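Visitor: I'd like to ask some things about the structure below.
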Amino acid sequence: MWGSYTKVSLIESQEPIALSRPVVPPKPNTSALRRVLRRARDGFALNIDEAVVAMTARGEDLADLCASAARVRDVGLETAGRRGADGRLPITYSRKVFIPVTHLCRDSCHYCTFVTAPDMLRTQGAGMYLEPNEILNLARRGSELGCKEALFTLGDRPEDRWAQARDWLAERGYDSTLSYLRAMAIRVLEETGLLPHLNPGVMSWSELSRLKPVAPSMGMMLETTSRRLFETKGLAHYGSLDKDPTVRLRVLTDAGRLSIPFTTGLLVGIGETLAERADTLHEIRKSNKEFGHVQEVIVQNFRAKEHTAMAAVPDARIEDYLATVAVARLVLGPAMRIQAPPNLVSREECLALVTAGVDDWGGVSPLTPDHVNPERPWPALHELAAVTAEAGYTLVQRLTAQPKYVQAGAAWIDPRVRGHVVALADPVTGLARDVNPVGMPWQEPDDVESAGRMDINTAIDTEGRNTEARSDLDSAFGDWESIRAHVHELADCAPERIDTDVLAALRSAERDPAGCTDDEYLALATADGPALEAVTALADSLRRDVVGDDVTFVVNRNINFTNICYTGCRFCAFAQRKGDTDAYSLSREEVAERAWEAHVQGATEVCMQGGIDPELPVTGYVDLVRAVKTRVPSMHVHAFSPMEIANGVAKSGFSIREWLISLREAGLDTIPGTAAEILDDEVRWVLTKGKLPTSMWIEIVTTAHEVGLRSSSTMMYGHVDGPRHWVAHLQVLRDIQDRTGGFTEFVPLPFVHQNSPLYLAGAARPGPTHRDNRAVHALARIMLHGRISHIQTSWVKLGVERTQAMLNGGANDLGGTLMEETISRMAGSEYGSAKTVAELIAIAEGIGRTARQRTTTYALRGA
């Protein structure tokens, strides 16, 4: 022990449970251990079986294992260019204030003393949550002591379990613990300058995205991937919903998709087997390999605590702990920061941890105790520096986000906290400067000014792209090997076409187009040859019955107001990094001027969409709508995909409904149902790194319909998808339309592959075949019969002849004149970016049909 704090217990006594020793290492197989130790000496990463064997090392074998791990650690520090002021390699720490926002939780982990109940809090004279002034007082005192980090720790969703928590939040105007956490993080930034590191437990994609603008980093211990500990009565995680390994792995993945610098780790000695422990490490490695977001891995030893169900369980043995730390280093590699809490071991054990490959001590506070382990005081910083020096390293202070993320800028750190980070970061190393934090406004970036390649809307047709790909192609999209593995998994599920099934499905569809089974729709989607001709003929007949022979179009202008985006959609060739030669942004004045130009040319609609630029102010979307409506009051504003709406919601802290209403009140008329791609997450997470999940797309679109904002619907196909995904996607759209009736049309969007990163990486097909195009348009007409009357085809992506084929196979609408189009053109489409009214009329007349101009919502013009 390094010292002691007076412990005040806030927890209720729990009945002890009989647990065996957490880990009983199997008797090592000598030859297997020798082989693994040799591979470790040679610098090889260990697979799961090898990791299990390595964790049995003891005595001289353990020393050998630790020496190999230490060499790997040192190579990583050398490669990163890290040195202390004295020239020695550094071991880092974060000087922090521990802020226990609430000790309430909906879970009941058997080893936890942090969590308590409302009655116990009252007995201690404590509130359900720390009040704002309590949080700020802690943060201010920490700032005075040179702390840079405010560690917000709390139980999972206490309001779900405790009425007292719900009441406390409601009395103060908050609808959830996470809303309160967000507000307090902002106040700490503004009033003290400390950098929040948020540990609120399990969160959804949307919750993570709402918190990213208020914190440079977040964390959640994976703890273990053992389902046995979660599902078996009496074991450590039984009865704790949020300790489901599947759920926790999903959080880890979502953090990666959102490019959040993320801390995770494992607990050693809570009843897991060595195989389960090794699997936990490999799952962390797998997630980090795909996204590169795991900034540090905590390897934490179990310490039994009084008044818990696991009070009688022995602490993790030091040899077992050291072996696990060394294996973590060998599994996770030289670039990973491996962290061990120095307060959970003795001084001598700290020295041993350094020899095992540790290079980070985590957060250490000169002010507050470790509220999760209150019986284990932090070492004084001078003591920690001394033991680090004795081990041959220099103790160096870092920020809550590790240096490589600090230095990467907007790709990882939201602009709203970027200024706070820069104020505390050494500009050369990304480590902490020797300054005390000072509060500064948490504010929106300045209004967007026109910048970059503003003429790309016209130059794309004459000059093309300046570059083949964005500048961060190698890092923006995650690990391509992992992505290709996901694609192979999807390909293994492709259906087999059987002609007799197609004919039977066709007969069923002729009787009741909207009433077929999924298997029958799948058969129609795989039709080819004469069967495909019959399917498209049925679709064309349905089109004629529903909307007649008129081919409709709208006179509109696309205005893509920026192509700067860090979302990481792997199919997208439009997105650019700020500073790339093809990157641009348009000011609201420029957007309004383009809307006026469109109005003069007869346009009734502008369609506005853009990249997810982290520097776009939260008011940016509303400002764009108002700018257009002010310049051209009669213009129909069709704008902002569900992804853009999700971005606005995350930045503003509003609910989806509140945000959509604010856009509607500013003048927004309808929204495009883009960003759908394929509404199946197993496909979406291959197509895109960070775009919103299917469930949130559905929530945003249905909410838009409910507040009076109708939308189009779309599906992008021909990449890593297959017919079963088309059927499932259309079923989702049918379900939404049954609930809301808010879709105006369905637009199949063929994947344009030429410049797509996903295609260039060898992970996607070269777009759909002509058979695919015909089958998708026909299937849409059949499946959406009686629900969505209008099926649009894209002349931009298909060209004139294939567009005409779609009009003869179920489609009835040509979309718009567009006037400018950069998304498909930057992807490699060769069919131009604008059509005149005369050219659209000619497309229809070329197949003996009449073209009619319409409004956005399909009222005929001049009728």
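Even glycines carry a Cβ here, placed using N, Cα and C.
Per Swiss-Prot, the features are:
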- 91-343: domain 'Radical SAM core 1' (DOMAIN)
- 92-424: region 'CofG-like' (REGION)
- Cys105, Cys109, Cys112: [4Fe-4S] cluster 1 binding site (BINDING)
- 528-861: region 'CofH-like' (REGION)
- 551-792: domain 'Radical SAM core 2' (DOMAIN)
- Cys565, Cys569, Cys572: [4Fe-4S] cluster 2 binding site (BINDING)
Visitor: Drop a 10 Å sphere on every Cβ of the binding-site residues Cys105, Cys112, Cys572 and tell me which sphere holds the fewest other Cβ atoms.
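Guide: Comparing Cβ neighbour counts within 10 Å for the binding-site residues Cys105, Cys112, Cys572 gives Cys112.
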Visitor: Grab the pLDDT values for the domain 'Radical SAM core 1' (91-343) and give me their mean, rounded.
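Guide: That region's mean pLDDT is 96.
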Visitor: Which residues, sitting 6 or more apart from Cys109 ([4Fe-4S] cluster 1 binding site) on the same chain, put a CB under 8 Å from its CB?
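Guide: Spatial neighbours, sequence-distant, of Cys109 ([4Fe-4S] cluster 1 binding site): Val115, Ala236, His237, Ser240, Lys243.
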Visitor: Just to confirm: which same-chain residues, 6+ apart in sequence, have a Cβ under 8 Å from the Cβ of Cys569 ([4Fe-4S] cluster 2 binding site)?
Guide: Ala575, Leu687, Thr688, Lys689, Gly690, Lys691
Visitor: What other residues of this chain sit with their CB within 8 A of the center of the CB atoms of Cys105, Cys109, Cys112, the recorded [4Fe-4S] cluster 1 site?
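Guide: The answer, listed by sequence position, is Asp107, Ser108, Tyr111, Phe114, Val115, Gly155, Ser240.
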Visitor: Within 10 Å of the Cβ of Cys565 ([4Fe-4S] cluster 2 binding site), how many other Cβ atoms are there?
Guide: 23
Visitor: Excluding Cys565, Cys569, Cys572, please set out which residues of the same chain place their CB within 8 Å of the center of the CB atoms of the [4Fe-4S] cluster 2 site, keeping sequence order.
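Guide: In sequence order, the nearby non-listed residues are Thr567, Gly568, Phe571, Phe574, Ala575, Gly611, Ile612, Thr688, Lys691.
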Visitor: Round to a whole number and give the Cα-to-Cα distance in Å for the pair Cys105 ([4Fe-4S] cluster 1 binding site) and Cys565 ([4Fe-4S] cluster 2 binding site).
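Guide: Distance (Cα to Cα, whole Å): 37 Å.
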Visitor: Expressed to the nearest Å, what is the distance separating Cys565 ([4Fe-4S] cluster 2 binding site) and Cys112 ([4Fe-4S] cluster 1 binding site) at their Cα atoms?
Guide: 42
Visitor: Going by DSSP, is Cys569 ([4Fe-4S] cluster 2 binding site) sitting in a helix, a strand, or coil?
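Guide: The residue in question, Cys569 ([4Fe-4S] cluster 2 binding site), is strand (DSSP, three-state).
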Visitor: C-alpha of Cys572 ([4Fe-4S] cluster 2 binding site) to C-alpha of Cys112 ([4Fe-4S] cluster 1 binding site): distance in Å?
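Guide: Distance between the two Cα atoms comes out at 46 Å.
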